[in-house]
């Protein structure tokens, strides 16, 4: 708002006093409570809009209120006490009329409150006109909920228009300012290790049930093991190819910040305790849904390849035992799906320890069941060596997952602990005699 080059605003002391250098603009745009009252025992009095003066009056503390508009007033240094600006300068019809229309719609659909306030305070017998804020404030409803955000509707250069607070689209998650941002980061090493663990689960279960139901037909079991490995490998490659970005063996993801990121359905806000705002989305995109896609491809490939292979090479098995490994897969795939749906977040943080514990237990059970008591018994069959090296790989996988290889020079020596469980078993087997324990258990003692 411009001021005149010369002359002032007529005050209560008469005459036009002050120059342009002595003029000040008071411009307040933030609606707030009443201004603080003048000191005790003194107050100020509003003059009529048509004329008069605004001057301090003793004994009227706390009775003054500001004018709801943008004001142009004058202030002259050294004015005698009781002199104030001409109230006619504060008349709404002489200022900006559109500011008095209340809330105005802004370009982004929000409302902007245009009301202003001007007040004076007494200091040394003079009326000093102060301002509270120079900037306008956009008044928008707060975005409630831990995972609710505002979706970008339009962007033109530096102008961004966001919609109402709600659920973020797939492939996006909220930031600290409650805006939905696309997932553009690359998965960390720990994320890839988690996906590898979830990919290994069906493969290990396939191998276990193939070995369980194949009996002594080692050739038949070997072909089925290779087929299961082929199925899971192709399913993993196809899953990466169909994920965003499509057509490359690469995925973009959102970083996992805390355990609640896996269970956004538990954090839908209810502002009035009646209506629930549904903001459920995949905050850990795509670590949650990509596992389901992988399991679906594994199941389809198994149903297409495994029955034909079993029918050709498993002729020595009975008709009832021939497809039992396939039937077992039809049971454990739904179990794995429910496990991922319910405990995906828990598995994400606990899978390194699960790998270590299970690999140690299964190795001990296998070596005791095979009556391996020394190194010679271990080297007699190639199958036992394959099982031993497979468990060592699982040990190394678990150690790397726990350490995350943040400091390579400190974490790599931990891999020397991989053969420790097997060596400990061989050194202590003569004290436990697992063959005697198995024979007694078979006899019912």
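Glycine is treated like the rest: Cβ placed from N, Cα and C.
The compositional bias 'Gly residues' feature in TrEMBL is assigned to 8-17.
As annotated by TrEMBL, region 'Disordered' applies to 1-68.
With a cut-off of 8 Å between Cβ atoms, the residues of this chain six or more beyond the transmembrane segment (192-210) that come close are 221, 224-225, 228-229, 231-232, 236, 287, 290-291, 294-295, 298, 302, 324-325, 328-329, 332-333, 336, 340, 347-348, 351-352, 355, 397, 400-401. Annotated transmembrane segment per TrEMBL: 192-210 (among others), in sequence order.
Outside the transmembrane segment (222-242), and at least 6 residues removed from its termini, the chain residues within Cβ reach (under 8 Å) are 199, 202-203, 206-207, 210-211, 214, 248-251, 290, 293-294, 297-298, 301-302, 305-306, 309-310, 313-314, 325. Marked as transmembrane segment by TrEMBL: 222-242 (among others).
Marked as transmembrane segment by TrEMBL: 285-305 (among others). Packing against the transmembrane segment (285-305) from elsewhere in the chain are residues 170-173, 183, 187, 191, 194-195, 198-199, 202, 206, 227-228, 230-232, 234-236, 238-239, 242-244, 251, 253-254, 256, 262, 326, 329, 333, 336-337, 340-341, 344, 348: each is 6 or more residues past its ends and has a CB under 8 Å from a CB in it.
Annotated transmembrane segment per TrEMBL: 326-347 (among others), in sequence order.
According to TrEMBL, the feature transmembrane segment maps to 353-372 (among others).
What TrEMBL lists as transmembrane segment is 384-400 (among others).
For the transmembrane segment (412-429), the list of distant contacts is 360, 363-364, 367, 372-375, 378, 388, 391-392, 395-396, 399-400, 403, 405: same-chain residues at least six beyond its ends, Cβ to Cβ under 8 Å. Residues or ranges marked as transmembrane segment in TrEMBL: 412-429 (among others).
Same-chain residues lying 6 or more positions outside the transmembrane segment (326-347) and placing a CB less than 8 Å from one of its CB atoms are 194, 197-198, 201-202, 205-206, 209, 213, 259-263, 287-288, 291-292, 295, 298-299, 302, 306-307, 310, 354.
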